[in-house]
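In Swiss-Prot this protein carries:
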- 45, 179, 185, 305: substrate binding site (BINDING)
- 185, 204, 241: Mn(2+) binding site (BINDING)
- 185, 204, 220, 221, 222, 223, 224, 225, 226, 227, 228, 269, 305, 431: ATP binding site (BINDING)
């Protein structure tokens with residue numbers, strides 16, 4: 001650069017970024033060595049401010065609506081230019097990274113940030129390659145300018161901040177927001193659009209593998225247990241949130257983890273606890289007077305986070321990929337207290353529950369959500385991140401399950417014995433015992449009983465689990481009230497599913513109101 005021009009740091013190290021972030025006052029060093037940063041008013045994603053540029057190359061393949069909102073191509077170019085001009089006067093951080101741990105399906109990404117801690121986040125969450133863009137692909141660009149204030153009347157945005165994806169130009173623009181999760185979810189959305197065209201199923205799931213190479217997937221919305229359950233001391237982690245399932249195997253889309261921190265404990269989540277050290281970014285975590293993180297403090301948000309590279313986990317799959325999965329787990333957090341802790345699904349039921357995506361928003365990751373826990377249906381267990389119509393992903397899932405003969409399970413990490421506020425939530429040790437039975441294969445052909453209203457098969461016994469918990473009616477003091485709530489939930493499933501054009505076999509696989 002010319003003399004006097006602001007510096008640009010290319011591929012800076014974690015130590016450099018921590019040092020600069022502290023010098024600039026972007027964050028504080030904690031007692032465990034992590035860097036804690038605050039994101040201001042926006043402590044979660046801002047779905048109302050997320051757009052996709054409407055242009056000929058992708059327009060026909062995107063399901064436009066409240067999730068995927070169109071943005072004018074000319075307005076995007078003008079705004080990109082304004083943000084670039086703003087950043088030209090700033091000290092910048094640039095890294096050459098990749099998204100997708102697969103030689104065929106990776107995307108090269110050049111990430112430019114105004115903040116040092118945002119660059120540390122990107123380097124933790126994306127993949128640092130030995131040789132950047134070895135396949136000479138078109139390079140994606142992310143620019144993240146939290147200090148740029150959007151003007152809706154000038155820029156065509158919804159507010160003072162914006163997230164825009166542009167498939168034709170391979171660009172992601174983030175302006176006016178500090179919440180770092182927008183960066184990772186933007187590139188997830190990009191891969192969710194591109195991978196299906198190559199016959200690869202992109203998934204909002206975690207994945208781990210056993211000593212014998214047996215892979216398990218955990219689908220679920222934020223707060224349902226993806227990160228916690230995949231961080232198993234007895235198994236090797238592939239990744240905690242974003243994966244692709246191609247013919248022959250599963251690969252991580254990322255190079256790090258973005259774990260929820262609320263109520264984190266060393267006893268229940270030792271793998272995550274030990275990963276939080278120097279180089280980790282703690283987002284919106286409160287500290288005590290000795291700089292010790294207080295993970296119980298939700299005064300800023302329920303959505304406090306830790307972003308760390310996979311290298312911080314001792315028991316990980318170094319290749320960042322695994323075999324095709326023998327077991328697939330759909331995690332649901334049922335606030336009604338009606339669903340059993342585990343059900344064994346047929347292929348048709350798997351398609352039904354994948355499309356339904358029934359769960360709860362727990363410590364919601366989205367701005368504008370109340371702190372109250374509420375039930376929701378989120379297609380593919382990740383509706384905010386999937387640009388194509390839901391049927392595209394469901395068809396790919398059925399195809400992959402059938403070709404590899406994977407067994408799918410529905411696991412409730414929510415409530416039993418009554419709805420939220422009356423019943424109690426399944427504890428982590430109980431769910432871990434269920435998952436142990438799933439990954440061992442002992443549940444696949446276990447004797448079951450059929451729950452008529454829910455149309456689900458539940459095992460009669462699981463080692464290490466109180467058998468009275470397995471049929472949820474046993475945990476309710478008032479059996480008539482259980483029947484009422486079960487019927488009500490079945491009706492909610494049916495009315496939500498009415499919008500899908502699917503085979504009669506899949507329609508009949510749902511609850512019977």
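Each Cβ is built from the backbone N, Cα and C atoms, and glycine gets one as well.
Structure with Swiss-Prot features highlighted.
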| residue | record | DSSP (3 states) |
| --- | --- | --- |
| 45 | substrate binding site | strand |
| 179 | substrate binding site | coil |
| 185 | substrate binding site | helix |
| 204 | Mn(2+) binding site | strand |
| 220 | ATP binding site | coil |
| 226 | ATP binding site | helix |
| 241 | Mn(2+) binding site | coil |
| 305 | substrate binding site | strand |
### Query
Using the Cβ centroid of 185, 204, 241 as the reference point for the Mn(2+) site, which residues of the same chain not in that list have Cβ within 8 Å?
184, 188, 242, 382, 385
### Task
Among the binding-site residues 179, 185, 241, 305, report those whose Cα falls within 10 Å of that of residue 226 (ATP binding site); none is a fine answer.
241
### Query
Given the binding-site residues 45, 179, 185, 204, 241, 305, which lie close to residue 228 (ATP binding site), meaning Cα to Cα within 10 A?
none
### Task
Do me a favour and check the Cα-Cα span between residue 305 (substrate binding site) and residue 241 (Mn(2+) binding site); whole Å is fine.
13
### Task
Sequence order is fine: just name those binding-site residues in 179, 185, 241 with a Cα within 10 angstroms of residue 222 (ATP binding site).
241
### By Cα-Cα distance, the member of binding-site residues 204, 220, 224, 241 nearest residue 179 (substrate binding site)
241
#### Entry: Candidates 45, 220, 224, namely the binding-site residues, that fall within 10 Å of residue 204 (Mn(2+) binding site) by Cα distance
220
### Task
Going by Cα-Cα distance, pick out whichever of the binding-site residues 220, 224, 241 is nearest to residue 185 (substrate binding site).
241
### Query
Between residue 45 (substrate binding site) and residue 241 (Mn(2+) binding site), what is the CA-CA distance rounded to a whole number of Å?
16
### Task
Just report the maximum Cα pair distance in Å for the recorded substrate binders 45, 179, 185, 305, no decimals.
14
### Task
Fill in the CA-CA distance, residue 220 (ATP binding site) to residue 241 (Mn(2+) binding site), as an integer in Å.
9
#### Entry: Maximal Cα-Cα distance (Å) across residues annotated as binding ATP, namely 185, 204, 220, 221, 222, 223, 224, 225, 226, 227, 228, 269, 305, 431
27
### Message
My understanding is the cutoff is Cβ-Cβ under 8 Å with a sequence separation of 6 or more in the same chain; which residues meet that for residue 241 (Mn(2+) binding site)?
### Response
184, 188, 204, 205, 206, 226, 227, 254, 257, 258
